[in-house]
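Each remark here refers to the structure printed beneath this line.
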Amino acid sequence: MKRILFVCSGNICRSPTAEGIARHFIETSGLESDFEVDSAGTQGYHAGEPPDPRAMKAAAQRGYDLSPLRARKLEITDFQQFDLLLAMDRGHLEYMERNCPDVYQPKLALFLKFAPELGEEVPDPYYGAVNGFEFVLDLCEKGVERLLTGALDRR
């Protein structure tokens, strides 16, 4: 089983969106025995909170349920427990690189590495308009599909 962790700042917008989409993809494709996904934030100021209501609403309109998810802070044990830790932007990747033991550094990557035609980073929609959450959904849907189908092809 491949364990994947999506990482953003507060774990209330981008990373739970990617997690929710990945969970949906895994469940609807019958891949529960192949993948386990989670999400976390580089900061813990939203720990225990549900995703941003705007993220939940945008996701629900596309059939994704983010309501069971709760924010948590990235922990040192995550570097050992997960096979792949995917940063939503360069700042998150740099944070993980600074805090990750050397032996686990190869597990770190930008999320959109798996869909490079979409750019390098998933922008933070938190301070923007609702269409920012739609754009994040677009990127996460394509990125998750590429990530999971690519992982299946490599096994």
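Every residue gets a Cβ built from N, Cα and C, even glycine.
Keep in mind that TrEMBL annotations are predicted by a computer and have not been checked by a curator.
Straight from TrEMBL, the features:
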type	residues	note
DOMAIN	2-150	domain 'Phosphotyrosine protein phosphatase I'
ACT_SITE	Cys8	active site, nucleophile
ACT_SITE	Arg14	active site
ACT_SITE	Asp124	active site, proton donor
Take the domain 'Phosphotyrosine protein phosphatase I' (2-150) and count its residues per DSSP category (helix H/G/I, strand E/B, coil), listing them in that order.
73 helix, 22 strand, 54 coil
Pop the Cα-Cα gap between the residue listed as 'active site, nucleophile' and Arg14 (active site) into the table, whole Å please.
6
Give me the long-range Cβ neighbours of the residue listed as 'active site, proton donor': same chain, 6+ apart, Cβ under 8 Å, in sequence order.
Cys8, Ser9, Cys13, Arg14, Met88, Asp89
Of Cys8, Arg14, which of the active-site residues has the most Cβ neighbours inside 10 Å?
Arg14
Taking only the residues in the domain 'Phosphotyrosine protein phosphatase I' (2-150), give me the average pLDDT of this model.
97
